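Participant: Can you keep this structure in mind? I'll have questions shortly.
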Amino acid sequence: MVYSPPVPHYNTAVKDSFAYESALRRWPTILTQAIDAMYRYCHTLSEGSNQAAVDEGKGLIEKIAKLKYDITHDRPLEVLGVTEENAAHLDHGFRAPPTSAYDDWIRREAPTWFNSIWLYAECYLYRYLRHLFETSTHWKTYDPFTETKTDTFHASSAGIHACAVLIQELLEKNETYSAHDPAVSVLFDELVSSSLWGNATDLSLLTNLNYADLQKLQATNADQRKAKKQFVLVNQLNEAWDSIRLMENGQVDIVLDNAGFELITDLVLADWLLTLRGSVPRASKERVQDVWNRLKAVQARIEAASEAASRSPPRLLAVSKLQPPSDVMAAYEAGQRHFGENYAQELVEKAHVLPQDIKWHLIGGLQSNKAKILARTSLTYPAITNLFAVESVDSEKLATSLEKALARPENELGRKYPLHVYLQVNTSNEEGKSGVPPMTSAWDNTTEQPPLLALARTILLQCPHLRLTGLMTIGALSNSQMSRDEHQNPDFEALVATRTHLLNSLRQDKEIQEKTLNTEYWSPAGPVKNVYASLISGDANALELSMGMSADLETAIQYGSAHVRIGSDCFGSRTNNQEAVKVREQDIQRVANVPLVKQVVIHTKNMPWFVSDTCVPDVWSTIEHLLQTKMPDAAPVQAMAARWKKHFAEGRFRVQMPHDAPLGADAGEQSSFWTQMYSYGALVRGALTQPEIAPTLLSELKKSGLVIFKG
């Protein structure tokens, strides 16, 4: 059973499609170029004493010409018939790979060149070519695209030199780079982008371009790469960066695409990955188990209280104030994602060393002049782009300060969601406690606007980067203790009533009703309107309540809290601030020099593929070309090549194919899978129903901390 994707296969019978264009023009052009290269090589051989090879070469040219004729005349694809028993013998005891997958498809579907699945037919084209050479006497190791690859490599000299200078400057500045430094993630983005756009030189797609034009396609500086970001459909670089940050002496796998410039950019990325230091702080097994047990107990209380109140469970906000990053990581690995911090500086320090998919909440007081600590962007103080919420907004000045910081373009670029804000209400009316006074009735428009309503209006009308999400209170300790026994809490009652009065006031406010419909609010996907429709209609569910701690968790749930803030029950008792700073520093320093990536494994094609795909000989020839380059200012290029050669010799770089495997060798599924007719999706999704496709390869890739599929 062949893996079937969830969408129809691309078929060459569909005119005005890339598949049809491939059969009509691309494939004949590719074969013509291969024939021309063979003619030139035969001419070179004829000047020596290799007449037998020349004669055989002419016969191979005729067979390739016949293949071209078959394509242009829409002939049926032919069964190749290579089995494990009759496969051609190659050097070093290797044999050619069977063609059973192709043969089964051809027998089953009877495809012709202009009525076939595009991916299968193009893969078959290159396998057919290899079959011609592997069954020859003098041409077994011949790559008909070597000349094209070499010419393109030389035409890419400007881009290659730029890459060499870049990696040289990076390594001269620092021998190692700390993943705890948020600025390093910017370097990661740049190098991955360079690797991504290196595929501008996919020669199977550029059959009609002059080589001089290739330099225009290669993104060799930051401005060029930035301009191309508009063409990125899905960007998960944050997730990829987190995967690397979670490694310790780990492995990254790169499934290579094109030789030449793209291979250079891939190896530059691999080279830099080896410099990364500073893994995520982790607690001892005993401490991890302790945190997990505590979280389970808290979740059990939440579920029991929710069931008793006949409602869905609220969100657990694990308050990690004064707890070391390793404790936060223990909770993270138990599935916890929302964490609350009281101090802005402590939140910043933890956010820089912990995974980026954590959703941080600031629940402590924040002065307006300190808002930029959380949102500013510079190489020294990058923004906390995963700051999910500030729950202590109690003044218009603070709200507008947050808005001003978030509105900077560099801050917008990294955020995946608006900043959620909760308005802090001093429900107990205690002196010295932060928060605006609670509302005791809806505003009737005849008296001075209540501070809470004025604050809400400012956010709704003047702060498009914020989202008014809820109300928060930290009630009186005596009320919290009372609620444990009596299940009543005046602070919770006041917050519930305040929400009702605020919503009624907004619902009756004509200016709010009109302007919020037409105001554009920021979102990662672009400006959006009418984001507050539910809130201004008076829907209580549109304005969350944040209340409840360890002592009054059950009562808070009964009163409708959307999330409960639990600290000591999740992590145990806290130490003092001075001791917490010391422990936090030790926690981070302990892992500061741990290598993240110990080895980069590269996966090549085992035969010439899609014209310019990388085979093992291309890797070695590329390094030798770089070492012997005569380009101006060759020192950075030669130094880069020498370093890569050393990486391979000492195991930091590794080719998945055996080093002695000749071109076209069947070296097992770990190398041969990449030149099968299957979509790469079959490797994972197909493995559920077809584990026989490449189980060993899949098992090996699962050991990797990150797999980069290039092509």
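Placed from the backbone N, Cα and C atoms, the Cβ positions cover glycine too.
Please treat TrEMBL annotations as automatic predictions, because they have not gone through curation.
Taken from TrEMBL, the feature domain 'Damage-control phosphatase ARMT1-like metal-binding' applies to 25-280, 597-711. Summarising the annotation, TrEMBL assigns domain 'Alanine racemase N-terminal' to 295-502. Residues annotated as N6-(pyridoxal phosphate)lysine in TrEMBL: Lys321.
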Participant: Tell me which residues of the chain lie with their Cβ under 8 angstroms from that of the residue listed as 'N6-(pyridoxal phosphate)lysine', as long as they are six or more apart in sequence?
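Facilitator: Listed in sequence order: Gly340, Glu341, Asn342, Tyr343, Glu346, Gly364, Gly567, Arg574.
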Participant: Within the domain 'Damage-control phosphatase ARMT1-like metal-binding' (597-711), how many residues are helix, strand or coil going by DSSP?
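Facilitator: With helix first, then strand, then coil, the domain 'Damage-control phosphatase ARMT1-like metal-binding' (597-711) has 50 helix, 17 strand, 48 coil.
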Participant: Given the model, what does the mean pLDDT over the domain 'Alanine racemase N-terminal' (295-502) come out as?
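Facilitator: Within the domain 'Alanine racemase N-terminal' (295-502), the model's average pLDDT equals 89.
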Participant: DSSP on the residue listed as 'N6-(pyridoxal phosphate)lysine', three-state: which is it?
Facilitator: coil
